[in-house]
């Protein structure tokens, strides 16, 4: 009789791969499997040869990079010395999370799948390639892939005699949560992440938080300056921060608890406890904590809930109508309805709780830790050079209307907007996905509309402040709405242009009757671009919104130099690089 052990490993940059790995783990209990769910780097990779069944869930970010918490695991697997039959009794399945707008779509999952085959493993099913661009999100690929996985596993290890698949997972919750009666703590003093050591992590103080757009401009963009720390960075590198929820959201949450007679408040102190070793409690939740600290720093109160949240709400709901709707949203067949209800209007988890009062009434502390996703860190390109003595980021404050009456607001950008000089925050620096040529005589053509300017301002500032004057032609295509409303870093760019170090092309889309964007200016610069890119082997660096701009720019470059294949070759040679965000 083959042992029913399934090891689930994930490589997750922002937390989504972890969520999906935990969902696989939860469902595995319906099929009587046991086994851990772990980040790849916390798993002892030398044990891999002794496994029978392994599922790997991993995301790809940037230019085909693997997440931080799978780097060691991946390095080990790539060792030349590993025999090609090391994993001959391992059955594996790989699920990838990616974004098809990037040239290296799901690169990490594809590489991992291939490497496990090379080492003698046998694939339970083809690699699953989830795409963030799909209308229904990752679920479109994930849910059918998961059904296929269970079919395959049950075929290899049938159910023990007299047992059948359970109708629902016996492990409904990750952890137990107790209320600690006599604890008295000042929530205001607690920093949940104080002891979490990030590579290149540091604390830094806000020096200035200045609006860079005109007061009457529709968008508030901020240049936020932090004091420079001993942690070095290179041009194009990225600053990560983890925001807190707004006091309005926190008030709303405790108001909901109050309305629905859920007997907990801000001062209630809770202790999260592991049920077993398969699902350990994260280090930041291992001490007794007031709910206020958890609501402010851990639960993302503005997240758009996924199918899993609706399953949790349906669990104890006593109202038939609500329960039916919740179950529909939680199932694969209901994903289109869920998309229209939650994703399209960007409905937050707090608004969902207001829409389903009967379900909300039945929530327990354990259920709350399933319902709320942890707040994920957010990344911003660093807009300054180390030599400037300042660490600066350029942040567009996100606020827009949907069919819902209350405007949607970006959790992190609103948190950053409210920071005041003197406040101290935790942050860490990561390498950029941009790889600049080592030889700084190679021309750079930079394309950065809006806040896409940030990494280029860092690159330009470094060249301007360096001991050796730059000899490479530096070209920047910048775009915004108006030369008077949202021309970020105008003084810097004009100064660099006047000194002859920079050739600047600005597209002000609304300053004339016909809209002009960066791609229109690129099309007109064929002679210059051919010289820089084709004759002198220059690089193209593009940064900004991932919506339509990258495709439009690529088409404009093809038109400008008159050679589509050349642009494809540049992409392959990593001389055409994009850093975009949704």
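The backbone N, Cα and C atoms fix where each Cβ goes, glycine too.
What TrEMBL says about a protein is an automatic prediction, not a curated fact.
According to TrEMBL, the FMN binding site annotation covers 12, 13, 14, 15, 16, 17, 59, 60, 61, 62, 132. Summarising the annotation, TrEMBL assigns FAD binding site to 346, 378, 379, 380, 381, 410, 411, 412, 413, 581. Marked as NADP(+) binding site by TrEMBL: 451, 509, 510, 515, 516, 517, 518, 519.
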Cβ neighbour count (within 10 Å, all chains shown) around residue 411 (FAD binding site): 21
Minimum Cα separation from residue 381 (FAD binding site), reported as the residue among binding-site residues 16, 132, 451 that achieves it: 451
Spatial separation of residue 14 (FMN binding site) from residue 515 (NADP(+) binding site) - C-alpha basis, Å: 36
Under 8 Å by Cβ from residue 346 (FAD binding site), counting only residues of that chain that are 6 or more apart: 304, 402, 404, 408
Residue 132 (FMN binding site) versus residue 510 (NADP(+) binding site) - Cα distance in angstrom: 31
C-alpha spacing of residue 413 (FAD binding site) relative to residue 516 (NADP(+) binding site), in angstrom: 28
Residue, out of the binding-site residues 59, 519, whose Cβ gathers the largest set of other Cβ atoms within 10 Å: 59
